[in-house]
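Remarks on the structure that follows.
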Amino acid sequence: MRIGFFPNMGKSTIMAVLKMAAHICREEQIEVYLPDDLDRPDTYKVLQIPKENVLPRPEIFKHIDVAFSFGGDGTIIHLARQIFSYNIPVCGINLGELGFLNQIEVHQLQSHIKRIAQGDYTIEKRGHLHAYIDREDGTREDLVPIINEVVITRSEPAKMARINLAVNGQHTQMYPSDGLIISSATGSTGYNLSAGGPIMKPDNRSIIITPVAPHLIQGISMVLEEHDTIQITMPDREPQLHICIDGTFDYSFTNKEALHISSNPVYCLFVRFKDQCFFGTLFKKLASRRDELL
């Protein structure tokens, strides 16, 4: 068994957790790999990992059986975007606040790494989205893979956007709103949930459309099938709209251009343990976060 460690080095407890995980892997005779782009280049020495196992990420992806993400949901989304085309499953160790996408809490490291070494886990196939922009000059710009969601808003903050939605080539609705969220099932527990959208099981291939603070009565989410296609445009009075993918990647397009969104035919693979219930875990985490805030 070969596992790659992909940590968020900005987490305060990261070195202690990595040491613990590396020690358990040695006990289970699991070979560990590290990326060569970490902020602390001596990490492999601290973790007692052979220097030859410190490689560029694309090289690591060719060697490992499972990829461990150490951090929050943002860390695992970043890793999933890099690795999905290699057909390698991702397993998240939660160092964030909620960690909806992560499968292992720190206190479960010993038992769950052992389960992985014994093959006591399943692979969950999750859909994600693909998007591109038809530019005014006739070119097509492919955007980064969308693991969670794409959000369309006005370029100027605190101003209403007018967003035209077409599904399968047919005009469906014009949304006067603060924005529009188009989410995968994986992203349904993110911004979509905050905006009142539905929660979907992560292995569902549906596409969710949820308006943000609609100004009229069109505040209802839509759930599309995986083969449906989406086109976003704007009326002439809207000069430009802003696009944000997974809270990280920003683009814009004009009223002479169109944004197209559809399901990506390639799955993201995630480790899932048989005794884990998605909805049970979700509501437990939501309840714990609510108690912290009260």
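The count begins at 1 with the first shown residue.
Placed from the backbone N, Cα and C atoms, the Cβ positions cover glycine too.
Since this is a predicted model, take the numbers as computed values, not measurements.
Taken from TrEMBL, the feature NAD(+) binding site applies to Asp73, Gly74, His78, Asn148, Glu149, Lys159, Asp178, Thr189, Gly190, Tyr191, Asn192, Leu193, Ser194, Ala213. When secondary structure is read from DSSP and collapsed to three states, Asn192 (NAD(+) binding site) falls in the helix class. In sequence order, Glu149, Ile181, Ser183, Pro198, Ile208, Thr210, Ser221 are the residues of the chain that are 6 or more apart from Asn192 (NAD(+) binding site) and have a CB within less than 8 Å of its CB.
On its own chain, Asp73 (NAD(+) binding site) has Gly92, Gly96, Leu98, Gly99, Phe100, Leu101, Asn102, Gly190 as residues at least 6 apart in sequence with a Cβ closer than 8 Å to its own Cβ. The annotation active site, proton acceptor is assigned in TrEMBL to Asp73.
Long-range C-beta contacts of Ser194 (NAD(+) binding site), restricted to its own chain and to partners at least six residues apart, with a cutoff below 8 Å, are absent. Residues listed for NAD(+), Asp73, Gly74, His78, Asn148, Glu149, Lys159, Asp178, Thr189, Gly190, Tyr191, Asn192, Leu193, Ser194, Ala213, cover a largest CA to CA span of 30 Å. The secondary structure of Asp178 (NAD(+) binding site), as reduced to three states from DSSP, is coil rather than helix or strand. The most crowded of the binding-site residues listed here (His78, Asp178, Gly190) is Gly190, judged by how many other CB atoms sit within 10 Å of its own CB.
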